[in-house]
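In what follows, a structure is listed as structure tokens, so that the remarks can point back to it.
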Amino acid sequence: MTNVVVVGSQWGDEGKGKIVDWLSERADIVVRYQGGHNAGHTLVIDGTSYKLSLLPSGVVRPGKMAVIGNGVVVDPHALIAEIEKLAGQGVTITPDNLRVADNATLILSLHRELDAMREDAASNSGTKIGTTRRGIGPAYEDKVGRRAIRVMDLADLDSLPGKVDRILTHHNALRRGLGVAEVSHQTIMDELTSVAERVLPFRDTVWLFLDKERRRGARILFEGAQGSLLDIDHGTYPFVTSSNTVAGQAAAGSGMGPGSLGYILGITKAYTTRVGEGPFPTELKDEIGEFLGQKGHEFGVVTGRKRRCGWFDAALVRQSVATNGITGIALTKLDVLDGLEELKICVGYMLDGEQIDHLPASQGAQARVEPIYITLEGWKESTVGARSWADLPAQAIKYVRQVEELIGAPVALLSTSPERDDTILVTDPFED
């Protein structure tokens, strides 16, 4: 038996939600370890769609414990709203199936406002990052700046006013510089006290809880929220998220040691998508890109934003295999490629007349690279709902094998529709 870390190997939206749900049936505990409510995922269970953005996927399955780790930034209002929405769908969330790390940072209204103000200012100067405006980045800034309000602070009303003063000293200075009204101390105090009773019952010393469960033999599934190429260090900086999204963060963001992580499963879409700004070497702005977007329903769960689409970039995924230590991949949305006469895979780039095998870290160089493609024959037959290799056309199998060879990692699972059971299992990541 081993634990499993699920990471996205591209820019997010790889189909992690379905795979995590599929794996959660084999897990006892599902842990979110980074990000906030800026990355959504959709689960389809018995014909019912559940759209989650903060809660771990395991929360919709009976008998599973969901954990929000210390690496997550928690908007308490978003947490309460998501719990209430699930209640309306018949899913009851209590401390018996959800724990929130007491040392997790809270997202406040002033974080959301600052996020939006910065994006608006950047839009006017052409330097927009393309955030979801949900306050994720500013909350992480306060965490690193050692002025954040954390979940545990909601239980200590004696020391909370001083902590609010500290965070407002910083934020009101920023607001004065931006020419907007300052936030009053009472506004933030009221905001925090209004959610305390709803949030505090879920708080726990998560590292201790997970350590006890690990020693007891529980199977733990770590759920990443965004793709590796959005990692603050290893992604396409500055067009990245504000946290580490690679597999190593599963340890830091949950309080478990790296030796407890086990199998690293990279969720990998059979083509490439990206939301928002930033480099995208294989982007297709033609009818094929439109075809992929429409057939793949490439619209953001959280924002509704249309995703940019392009050919599979093996060079980028190969980089993710290295930075995450990926053991195997779950290849998703192969069925979206059905019907295309030919398919292209990027195997490297040309940069200023030189051939390179990875995307450079420099923003300027990233904008200048040109993809080097190989071309494969497509297939006319449908792969939708395939549950064994025998159900796949020969050219589809050839495409999968080519992907494995180019990225240097085997396919452990192959997803052929949004339905959980439409999955070909090659290797069970939870097996010893």
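Backbone N, Cα and C define each Cβ position, glycine as well.
The active site, proton acceptor annotation in Swiss-Prot covers Asp13 and is backed by sequence analysis. Taking a C-beta cut-off of under 8 angstroms and a sequence separation of 6 or more, Asp13 (active site, proton acceptor) has the following same-chain neighbours: Gly227, Lys269, Thr273, Val275, Glu298, Gly300, Arg307. DSSP assigns Asp13 (active site, proton acceptor) to coil in the three-state reduction, placing it in neither a helix nor a strand.
As annotated by Swiss-Prot, active site, proton donor applies to His41, with the evidence given as sequence analysis. DSSP assigns His41 (active site, proton donor) to a strand segment in the three-state reduction.
What Swiss-Prot records for 12-18, 40-42, Arg307, 333-335, 415-417 is GTP binding site. Take the CB of Thr42 (GTP binding site) and look out to 10 A: across all protein chains shown you find 16 other CB atoms.
Annotation source Swiss-Prot lists IMP binding site at Asp13, Glu14, Gly15, Lys16, Asn38, Ala39, Gly40, His41, Thr132, Arg146, Gln226, Thr241, Arg305, citing sequence analysis. A sphere of 10 angstroms centred on the C-beta of Gly15 (GTP binding site) encloses 21 other C-beta atoms.
Marked as Mg(2+) binding site by Swiss-Prot on the basis of sequence analysis: Asp13, Gly40.
A coil conformation is recorded for Gly304 (substrate binding site) in the three-state DSSP classification, outside any helix or strand. Listed in sequence order, the residues of the same chain lying 6 or more apart from Gly304 (substrate binding site) and placing their CB within less than 8 Å of its CB: none are present. What Swiss-Prot lists as substrate binding site is Val301, Val302, Thr303, Gly304, Arg305, Lys306, Arg307.
Counted over all residue pairs in Asp13, Glu14, Gly15, Lys16, Asn38, Ala39, Gly40, His41, Thr132, Arg146, Gln226, Thr241, Arg305, the record's binders of IMP, the longest Cα to Cα distance measures 34 angstrom.
Residues within less than 8 Å, Cβ to Cβ, of Arg305 (IMP binding site) and separated from it by at least 6 positions along the same chain comprise Val275, Gly276, Phe299. For the pair formed by Gln226 (IMP binding site) and Lys306 (substrate binding site), distance between Cα atoms is given as 17 Å, rounded to the nearest Å.
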